[in-house]
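Quick look at what TrEMBL annotates:
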- 49-89: region 'Disordered' (REGION)
- 50-67: compositional bias 'Polar residues' (COMPBIAS)
- 229-263: repeat 'PPR' (REPEAT)
- 264-298: repeat 'PPR' (REPEAT)
- 369-403: repeat 'PPR' (REPEAT)
- 404-438: repeat 'PPR' (REPEAT)
- 439-473: repeat 'PPR' (REPEAT)
- 474-508: repeat 'PPR' (REPEAT)
- 509-543: repeat 'PPR' (REPEAT)
- 544-578: repeat 'PPR' (REPEAT)
- 579-613: repeat 'PPR' (REPEAT)
- 614-648: repeat 'PPR' (REPEAT)
- 824-858: repeat 'PPR' (REPEAT)
- 894-928: repeat 'PPR' (REPEAT)
Amino acid sequence: TGEWRGGPPISIWRAEQEQGRGSWCGVVVVVVARRMLEVCCCSGVLGGSPPSSRTAGVSSPGLSPSRPSKRRIGRARVQPRAPPPCDERRAAEDVIHALRSADGPAEALERFRSAARKPRVAHTTASCNYMLELMRGHGRVGDMAEVFDVMQRQIVKANVGTFAAIFGGLGVEGGLRSAPVALPVMKEAGIVLNAYTYNGLVYFLVKSGFDREALEVYRVMMVDGVVPSVRTYSVLMVAFGKRRDVETVLWLLREMEAHGVKPNVYSYTICIRVLGQAKRFDEAYRILAKMENEGCKPDVITHTVLIQVLCDAGRISDAKDVFWKMKKSDQKPDRVTYITLLDKFGDNGDSQSVMEIWNAMKADGYNDNVVAYTAVIDALCQVGRVFEALEMFDEMKQKGIVPEQYSYNSLISGFLKADRFGDALELFKHMDIHGPKPNGYTHVLFINYYGKSGESIKAIQRYELMKSKGIVPDVVAGNAVLFGLAKSGRLGMAKRVFHELKAMGVSPDTITYTMMIKCCSKASKFDEAVKIFYDMIENNCVPDVLAVNSLIDTLYKAGRGDEAWRIFYQLKEMNLEPTDGTYNTLLAGLGREGKVKEVMHLLEEMYHSNYPPNLITYNTILDCLCKNGAVNDALDMLYSMTTKGCIPDLSSYNTVIYGLVKEERYNEAFSIFCQMKKVLIPDYATLCTILPSFVKIGLMKEALHIIKDYFLQPGSKTDRSSCHSLMEGILKKAGIEKSIEFAEIIASSGITLDDFFLCPLIKHLCKQKKALEAHELVKKFKSFGVSLKTGLYNSLICGLVDENLIDIAEGLFAEMKELGCGPDEFTYNLLLDAMGKSMRIEEMLKVQEEMHRKGYESTYVTYNTIISGLVKSRRLEQAIDLYYNLMSQGFSPTPCTYGPLLDGLLKAGRIEDAENLFNEMLEYGCKANCTIYNILLNGHRIAGNTEKVCHLFQDMVDQGINPDIKSYTIIID
């Protein structure tokens with residue numbers, strides 16, 4: 001990745017993409033000559049080794065799991081360095097032995113000097129570090145300077161221990177991170193770094209995650225007149241690129257040029273990636289043009305990086321343009337370019353482009369192995385074409401290409417995304433039996449599926465199954481299970497998983513902490529959410545803007561807006577730029593606080609940021625304006641949205657209509673509704689917003705027009721549940737009379753002949769003890785041709801039975817059977833209750849027999865109703881016999897079973913039998929409720945057992961059962 005001192009540029013190859021998207025830039029260094037590696041390691045340029053690829057982690061918020069190793073694209077391996085010859089090793093060991101056996105630091109130093117003068121004896125890092133530690137222990141700073149000077153002159157590689165010993169000897173605390181503080185102290189002590197050591201120190205700092213400190217050391221280098229190598233610049237650029245710190249990366253590029261260090265392909269490629277991630281594409285293209293002007297020809301990696309960032313930004317057509325230009329140039333796409341395109345087009349749901357790239361890939365001969373097939377299988381699954389992916393999977397096997405774990409995982413992922421859980425599970429079982437064995441990622445797919453489906457318990461069960469198979473969870477698995485737990489607010493389980501990960505040595509990443517913050521928020525543990533955020537910073541896990549947004553949202557929901565704003569103002573300190581999500585969260589919070597002026601000020605700030613207002617922004621502000629009496633401003637904004645390049649959606653219109661209705665500006669609301677209809681189809685929310693108020697003020701004609709249009713449009717929600725909810729909203733707002741009038745207009749106009757709008761009205765009247773009025777209303781609607789369903793009959797029969805209008809209830813029951821509207825289990829239970837209340841026991845038992853003939857089994861409700869009817873009919877013994885007969889058959893009694901029996905025994909003066917039955921009830925694990933205690937209290941009151949009444953009352957309170965009015969009335973009596 002850099003131009004090596006004293007030799008030609010090194011070869012650049014692709015790395016296998018580990019855990020998903022691969023290393024940060026997708027490249028690793030392959031040293032073409034071992035001697036080059038030895039020279040550079042000794043010089044401290046790399047601190048001993050090329051950088052290893054780093055994973056990109058898990059993408060968020062929907063929490064798609066990172067993909068495991070899925071590519072083996074011409075992987076080039078660095079050959080391990082051959083061990084030093086035996087005589088050299090022996091000589092090095094002899095030096096250390098001689099130093100350790102010296103009698104004091106002075107003799108050790110003399111032996112060190114002697115060894116340094118011998119041509120056949122070479123000091124090593126170990127011998128130098130030993131001397132530094134020895135001199136440090138005896139406070140001999142000057143001798144430490146001499147040892148360090150020998151290290152640099154003989155090009156002995158320094159390591160972290162070297163700097164730790166020097167810093168400690170100079171009294172500088174804080175370890176490697178304190179390097180910027182230590183450097184001037186070192187200079188005063190005569191310990192001066194040369195170029196190689198400076199470069200190595202920068203590398204060590206970046207490798208340890210101390211990027212800011214590394215940049216400070218770079219500045220000290222420049223003050224000392226030491227020019228960093230191109231590799232050092234690259235290391236710093238990668239570090240700040242990972243932080244998305246675009247300005248620092250571009251500043252480093254300018255610094256390189258200003259100090260005569262010529263940027264190479266890798267340096268420019270880093271800049272292109274960072275600019276692309278920041279959506280500054282014009283600047284990225286300028287960098288590309290600059291490369292060509294400077295004679296630094298962009299290579300296939302540069303083009304592939306540009307394609308990747310364009311795809312990530314959704315600029316698919318631009319990415320395709322880059323690809324086809326590559327095809328025509330001498331920088332031909334390679335296997336990685338093709339696979340990158342397949343990945344990205346798959347992620348963007350562009351199935352046509354997936355097949356275009358696959359055909360071009362076949363034409364170039366890159367479809368001959370498992371990696372190529374797996375790539376297209378994965379891409380097809382991403383766009384939902386799972387059956388074509390399965391055909392490709394079978395084709396691969398027919399060609400004798402053995403599928404690997406990722407091939408299976410791609411198919412399983414596709415099946416789960418298509419909600420074909422059974423097919424995914426079958427594939428998993430096939431892997432488990434025939435191989436390759438499911439890996440951690442396979443389990444993560446199922447964990448993620450359960451989490452997104454709201455089945456957090458199954459997600460944790462799958463997580464435990466994975467561990468039982470000997471698969472140690474990584475941070476990806478932990479994040480997947482935490483996602484499900486956060487969604488359901490199971491904070492206890494989430495904490496257990498979180499602490500378990502840390503105990504296993506797995507370092508939580510930004511997503512882990514973000515999930516924990518969300519989980520705390522869901523569980524209303526706001527202080528814990530704040531603590532987790534600051535723990536995240538203390539543990540050197542750099543927060544991303546999603547974590548900050550989550551915390552801001554959490555604090556605002558907790559009513560702690562001031563703290564939310566403090567976090568917002570800290571974004572600059574964290575080198576994070578607010579996103580549209582940040583602004584929208586703050587706008588929503590300000591809106592809830594009714595701070596309209598502050599909302600408009602923040603909107604103005606957005607206009608001048610890198611994230612101009614989007615549709616969510618405008619809808620959030622419209623909601624704030626309409627709820628805080630600024631409907632005119634909302635109207636102005638609605639009309640101006642289009643001119644600002646943002647087309648209003650249904651939510652925009654519905655919000656403004658709500659505001660107008662709230663202010664009783666009904667004509668304007670209807671006008672906006674008519675305008676909306678020209679470009680959008682009204683949805684269910686529109687009806688729920690506008691109809692209740694229109695019905696209330698008697699605008700029946702307009703209301704009928706709205707609902708008629710809605711019912712005629714395809715895909716509208718006209719099911720029973722939706723219509724019930726709509727009418728309940730109208731009923732609540734307009735009252736029963738206006739609601740009945742509106743329902744009659746709907747029925748008489750023939751818009752719908754279902755009883756959907758009638759049911760809520762019948763339930764309301766019956767609840768108000770107006771069952772006869774409800775019965776007459778049903779007759780009227782039948783005359784309109786409305787078809788009555790079982791649910792409506794049940795509601796009406798229930799109301800009639802409650803008012804002891806048994807004959808009418810029985811007539812409706814007979815009518816149901818005549819019209820073919822079959823009674824269900826609930827209907828039969830209602831009729832049994834009616835018969836029991838009227839003490840017509842023989843008829844009640846016949847109804848039960850009929851119920852059984854119709855295929856309905858008696859439930860505990862049925863038996864409880866019969867027992868109650870028997871007791872009311874003074875057939876107590878028959879009721880008790882039925883109870884014990886049922887218990888012998890495994891019946892599970894409820895308080896409603898025991899209530900009538902206890903009441904009958906107490907009224908019959910059988911106090912002891914009642915006591916025994918009550919104790920039996922408790923033994924069966926049936927917990928007494930307030931009704932049971934009231935029955936016992938009243939029975940003992942009638943019997944004159946005052947002490948027993950007081951004892952039962954106290955027992956009731958002790959059991960946590962709140963006495964009601966009847967309880968207090970009995971105790972007072």
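Yeah, the Cβs are placed from backbone N, Cα and C, and that goes for glycine too.
Residues 580, 583-584, 587-588, 590-591, 594, 596, 599-600, 603, 606, 655-656, 658-660, 662-663, 665, 672 of the same chain lie 6 or more positions beyond the ends of the repeat 'PPR' (614-648) yet place their CB under 8 Å from a CB of it. The DSSP breakdown of the repeat 'PPR' (614-648) into helical (H, G, I), extended (E, B) and coil residues amounts to 26 helix, 0 strand, 9 coil. Sequence-distant contacts of the repeat 'PPR' (894-928) (same chain, at least 6 residues past either end, Cβ-Cβ under 8 Å): 860, 863-864, 867-868, 870-872, 876, 879-880, 883, 935-936, 938-940, 942-943, 945, 959, 961. Counted with DSSP, the repeat 'PPR' (544-578) comes out as 22 helix, 0 strand, 13 coil. Taking DSSP states H, G and I as helix and E and B as strand, the repeat 'PPR' (474-508) has 27 helix, 0 strand, 8 coil. Helix, strand and coil residue tallies for the repeat 'PPR' (579-613), in that order: 25 helix, 0 strand, 10 coil [DSSP].
Counting residues per DSSP class in helix, strand and coil order gives 26 helix, 0 strand, 9 coil for the repeat 'PPR' (824-858).
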